Number of protein chains: 2
Amino acid sequence: MHGEAAMASSTLMLFFFLSSFFTFSPIPCLGRYHPLDPLTPSEFTQVRTIVKKSYPSSIHNLTFQYIALDEPDKYIVKSWLSKTNSKPETLPRRALVITRLDKHSHEIVVDLSTHSVVSDKVYAGHGYPLLTMDEQTVASELPLSYKPFINSVKKRGLNLSEVVCTTFSVGWFGEEHNKRVIKILCYYIEGTPNLYMRPLEGISLVVDLDELKIAEYYDRDRIPLPKAQGTEYRLSKQKPPFGPKFNGFTTVQPDGPGFKIDGHTISWANWVFHLGFDVRAGPVISTASIYDLEKATYRQVLYRSFISELFVPYMDPTEEWYYKTFFDAGEFGFGQSAVPLEPLTDCPENAVFMDAYYASSDGTPVKITNAFCIFEQHAGSALWRHTEIAIPGELITEVRPEVNLIVRMVSTVGNYDYVLDWEFKPSGSIKFGVGLTGILEVKGAPYTHSDQIKEDAYGTLLADYTIGVYHDHFLTYYLDLDVDGEANSFVKNNLVTKRVTDHSSPRKSYWTVVSETAKTESDAKIQLGLKPADLVLINPNKKTKPGNNIGYRLIPGSISNPLLSHDDYPQIRGAFTNYNVWVTPYNKSEKWAGGQFVDQSRGDDTLATWSLRNREIENKDIVLWYTMGFHHVPCQEDFPVMPTLSSGFELRPTNFFESNPVLKAKPPRHEHLPNCTK
Amino acid sequence: MHGEAAMASSTLMLFFFLSSFFTFSPIPCLGRYHPLDPLTPSEFTQVRTIVKKSYPSSIHNLTFQYIALDEPDKYIVKSWLSKTNSKPETLPRRALVITRLDKHSHEIVVDLSTHSVVSDKVYAGHGYPLLTMDEQTVASELPLSYKPFINSVKKRGLNLSEVVCTTFSVGWFGEEHNKRVIKILCYYIEGTPNLYMRPLEGISLVVDLDELKIAEYYDRDRIPLPKAQGTEYRLSKQKPPFGPKFNGFTTVQPDGPGFKIDGHTISWANWVFHLGFDVRAGPVISTASIYDLEKATYRQVLYRSFISELFVPYMDPTEEWYYKTFFDAGEFGFGQSAVPLEPLTDCPENAVFMDAYYASSDGTPVKITNAFCIFEQHAGSALWRHTEIAIPGELITEVRPEVNLIVRMVSTVGNYDYVLDWEFKPSGSIKFGVGLTGILEVKGAPYTHSDQIKEDAYGTLLADYTIGVYHDHFLTYYLDLDVDGEANSFVKNNLVTKRVTDHSSPRKSYWTVVSETAKTESDAKIQLGLKPADLVLINPNKKTKPGNNIGYRLIPGSISNPLLSHDDYPQIRGAFTNYNVWVTPYNKSEKWAGGQFVDQSRGDDTLATWSLRNREIENKDIVLWYTMGFHHVPCQEDFPVMPTLSSGFELRPTNFFESNPVLKAKPPRHEHLPNCTK
């Protein structure tokens, strides 16, 4: 955020603003604007004005489905970054606008400096843009005044004022023609705010999104309504006994946080990076560089990274559920779904918060207060340690406590809450953490005991009439690493067993490293777990003093591969999850693994189709795509709200530095503060 | 620890002692002694006296290789635990003693109540007992007064006073006969305490451990001595520039820690468990139960768990290195290698420390100060959360911050430091964390640049003349889960793709759960990553209200499988790593995955051989064995000391509770303490 907005967002921010910008020297020149800064509220307003001028509301039916920074070309950003200690030049400032305009999707590029439309293309391909919050809100309220629906509710003896409805993307299942529609399902909130646990199973509606009218209505099965009992999760409504109990805890940073925020640029310890926001992706981390103490310079690591798509297919093929195969970024907007973080619970006491902005469907800016928190984590672990007892008469114990910097956003897409962490480690690692929590999507079913279930129920019986349906979560990260420069290669350091057959050793075997550099995209499609290998992005043009390739390696986390058939429609659309790892040549237009227009997409514009070109990727500016997956078999502990399930992966320097980059890190000063008073 | 020892160990402990024992009611009766308490210093002394009486030093050459509690039978422990609110009865108190006695290994059981030897068996099988610290110290000093060695040092123009030597187990490579020997390698510490980085490559000695005399001596290759430069890791010896810098940080718990320690029993939040210590295994967590708020009772989870073995094979088959295939628990003693934890760096400010004791080779007790730390971790994450925006006019945000209890020990086996965490979560999960740090084992080599390497160097060139040799770490955990009772079954909930072929759905596929209960041991041997499945230990005799099996599931961490040929000697000895998961029927004598006598073992007494009996494991008291592996391709960042590489796995309740067990947990009281003074 810029100017006034930044200052207003948090009084703590003001403090950082006024303090000196950076304490160590050779970092990129940082003025008030970074070329990758997200659009400001006033820029959103400008965009709106410019587009509305072309398409006056009096004549056109126009909604803004997506407005974001149209990123400047990489060379412009890099050139700006390299200009130290000089006033920032005028930078291009453009917006990409996707509108629904008289029932067509338009991709409009707006230049904010010239206040003009640069280009305006009608999109003729398959799929529709991001769903807006506004149209979903309107759509989900339509049933409440729709006679047949009101009758259905009455027939069930329920009270309309206790009904709320929400929206579900419909997917694509081979239909030749389709309209821009959304499904509506409804829930009963009598006695609980946990709507997801009380579905009015059997009732569904289809809303035409361009008309915002009900197009279809179904009232099929009459299935018992799951009870409200046990579904409440608000503390204020719980009854004793409470527990377990925790003692109080407070953290104090006598000198304040160790990081500095200048606009959207965050510097901390040996890291400097840019934190942006996109209504579709959520957090965008760019131009992350790490200071090399030995070389006395910052070195590039990550040009740009974000969650490109999140594919959540449910595993119930029946009429009421088969279409539930969601793309949470491309359909619902992972950024748009960001929720205000709660101080002291979502983030610790020492966190600093940042707001974020996106455009509503009429183009006006919407503020998400406390969309991000940034904090130093003193987890109580060792960054490195060693105790030496082998030297007679000496006992050496050297331990450096670990301090990490975490950037967090929580995206709540309907029922599920995703806690997204970017964790920077002074050792050069970046850990990408995901916590899955929130509420399950359950199906009403006529069972109170699993003994009654005679055929596949497609899930776990969690409570009376309540099935937690099996599903997956696949998060696909876009990782444009620039390892010490733009031209990189992807190397598989395969661990290969060698037999000793010549009696040269008492051993019969060992393993060694056989490196394989991926020449083209097909060499870099990897299903993890099949073959032991270290996967490294190297800079083939630079070597360490002993001659090793400078690199960063991927340390995978929980590995899950899709189990849907490759010819099944949802999997065709989600084919980017067919491999855990892909590498593509950098292409500014290839950002969204599931395609630009994901709602009702047909899988013709995905990472999987782009890669069919099998382009060269050796010694080129390349992008690593990593998919982290979860198969979720719900269990009763997930009811009525799910304890966080965490996973993640790590990018770790591997011969990037000449030696341990935190060897000469001093432990943080530790002050015993016995005299704390309230 | 008991009595005076416990009180002396920490002033903080005193505080816990005096405070009321437990705040919530229905927990097992806790007197001063728990039947699984490790031997106390005075008990060690008693054992020594009893055994020495049978074998007077004047006649016998006796060393104590292992002294530990001979665990009472499970039913005795359980019966003791179930007797609430009554004086603890007299419990059996026996010690298992393994001695080398006149060049034979004896297994002696001593009864401490009757002060008598219960049994005394000469071990006639393959392999030798745990190496003691004392014999290793003596052995490693022998070269310094050994003429040929002194000459070798002189010939190299080196200074004997800068030489230190350490010990290496020799393994077994098919020899028919062998003696109890150990290898000695030496290092040069001129200008550095980092001996491992300066091997006198080419010189090796073999010491007869029963004689404590040099048996063989080799001075082969003359390889350049790696430089001291860049190997120093002590802060006090580093020169500027220092960095990166961290701001100070302090934690305050106004009401003190939330856990209580009574002897070796720790209670915290909804957990109660016993923390023991074994000279071979290190930490032993026993009788862990969790309080079920709904059922108002403690329920059993884990009867006993510890690291049964740690297999570390190096991948250099050449003469000087081939034998390096270490078993860090069975040969070197993971407990014996525990190092005193450094307050504020190894563990956070709010940690409480506990000492541990083992017996030296002459049977006298040795104290490891601060062997354990126990602390509450407020990581700044959410235990669970949800934000609800779907209900018109309402915004609900409910977040419970996560607090965990961590029990930590660090075991430094020569060069490597293993940070071992047992993490208890109020949600019922137990996470087993491992951090690998410390110093690589490197090989001297005549290279200064990788271009000079024309054949396999079996490692990475890290610095001049310094190869970081490829190796693995396999940690095998013994997990005697008793999920809500002793009789359990192991269930593979296989996720199986189903094709929809009857046009009943627009979908072509989905996955569902096909459960398979392991009948015998062979059904439960699992290489992870080959087949998607949730692996669950269930109690087949108990079900939840909706009829689900009460269970705990294994959530694996980093999966690595051994790459050595199965017929290779080290892998025969380490065959317990051939699968990531094994399940065996509980058998008191099957504790050590690599066998009771691991040094020079031949693989005839391992988990892999026991399991060949293919015993029944359904609805029985069973033990889960889990192996977590790391393939380590060293990189320059690991030089001269390695930033921690972390991994772990989780045991998570799965239909163990009727619903989320932390639904009614209140967030810890949070006090803003602005007036902290030094």
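Each residue, glycine too, has its Cβ placed from N, Cα and C.
Every protein chain shown contributes to the tally, and the Cβ of B:ASP328 (active site, proton acceptor) ends up with 25 other Cβ atoms within 10 Å. Classification of B:ASP328 (active site, proton acceptor) by DSSP places it in coil, neither helical nor stranded. If you look up TrEMBL, you'll see B:ASP328 marked as active site, proton acceptor.
The active site, schiff-base intermediate with substrate annotation in TrEMBL covers B:TYR416. B:TYR416 (active site, schiff-base intermediate with substrate) falls within a strand segment according to DSSP.
What TrEMBL lists as domain 'Copper amine oxidase N2-terminal' is B:34-121.
Sequence annotations record features per position, and here TrEMBL assigns domain 'Copper amine oxidase N3-terminal' to B:129-225. Averaged over the domain 'Copper amine oxidase N3-terminal' (B:129-225), the predicted model has a pLDDT of 96.
The domain 'Copper amine oxidase catalytic' annotation in TrEMBL covers B:251-663.
Among the features that TrEMBL reports, 2',4',5'-topaquinone is placed at B:TYR416. Neighbours of B:TYR416 (active site, schiff-base intermediate with substrate), defined as other CB atoms within 10 A of its CB across all chains, total 24.
Under the heading signal peptide, TrEMBL lists B:1-31.
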- Task: To the nearest whole angstrom, state the Cα distance for the pair B:ASP328 (active site, proton acceptor) and B:TYR416 (active site, schiff-base intermediate with substrate).
- Result: 10
- Provide the three-state DSSP residue tally for the domain 'Copper amine oxidase N2-terminal' (B:34-121): helix first, then strand, then coil. 23 helix, 31 strand, 34 coil
